[in-house]
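Colleague: I have a structure I would like to understand better, so I am pasting it below and will then ask my questions one at a time.
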Amino acid sequence: MAKAPKKKFSTASNPTANKVAAEKHLNSVFKFNTNLGQHILKNPLVAQGIVDKAQIKPSDIVLEVGPGTGNLTVRILEKARKVIAVEMDPRMAAELTKRVHGTPQEKKLEILLGDFMKTDLPYFDICISNTPYQISSPLVFKLLNQPRPPRVSILMFQREFAQRLVARPGEELYCRLSANVQMWANVTHIMKVGKNNFRPPPQVESSVVRIEIKNPRPNIDFNEWDGLLRIVFVRKNKTIAAGFKSSNVIEILEKNYKTFLATQESNNNDSMMVDDKSISLKDVVKNKLLSF
């Protein structure tokens, strides 16, 4: 009996297969610069999971930091009104442009070529990033310090950095980073991502976190809060009282207080007029700390 001929599988009518095939092609032929933190996410299931966790609305503008060859970008474009991709490497930007050329998503993509940390950002609702690990901390604080910060950020980090972000008071990894970020946002760990999900594989394991801005935002000056935490976390296992007893800290407090008094005087606010010469802030601080 003659055997029935085997059907050849074709990706022509399978958009998902086409997408995966394109990703494999780009990932295999492109030479990545690991000095720029270029570790491309190659696992399509992880990429889709990251996009799904962002809960993108059809009206949302999404900022993507470090889009690379576009494995995340093409999935974001399917859901968002617009994607603003900030890419430092002109080769990557060219590949991404080529990848969406002639597709319905082409008009929805804007590429900003340059260093994310030096780029003036337009308004956006959501941030998604397979973050170059060397800018992890600066990236987080730039997002939090935006005049209108994103509603939610889904960010890939080195595992240990992610663990510090989500650490709670009393835990070993709780630090200035934890306290600072958690003042402004709710931070949750979403998933672990093994090094074999990237090309080329990084030397460390990774994790994805979700950072959701608190609404309303705390009525606190960002820089003042960060300055306070620098004193509190100046040294591990050091008490708050010990941190404030430092001569350098007292000098800073005294200088800031005299600046405050001068500002009040220039505003002719008689209720706040105080003779700073009669005040020894150093003594005030030391006496207060005796009660700790």
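Even glycines carry a Cβ here, placed using N, Cα and C.
On a predicted model such as this, the values are computed, not experimentally measured, just so you know.
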Colleague: Can you pick which of GLY66, GLY170, GLY194 TrEMBL lists for the same S-adenosyl-L-methionine site as HIS39, LEU41, GLU87, ASP115, ASN130?
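Modeller: When TrEMBL describes the S-adenosyl-L-methionine site, the candidate it includes is GLY66.
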Colleague: According to DSSP, collapsed to three classes, what secondary structure does ASP115 (S-adenosyl-L-methionine binding site) have?
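Modeller: DSSP call for ASP115 (S-adenosyl-L-methionine binding site): coil, neither helix nor strand.
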Colleague: Counting Cβ atoms within 10 Å of each candidate's own Cβ, which of the binding-site residues GLU87, ASP115 comes out highest?
Modeller: GLU87
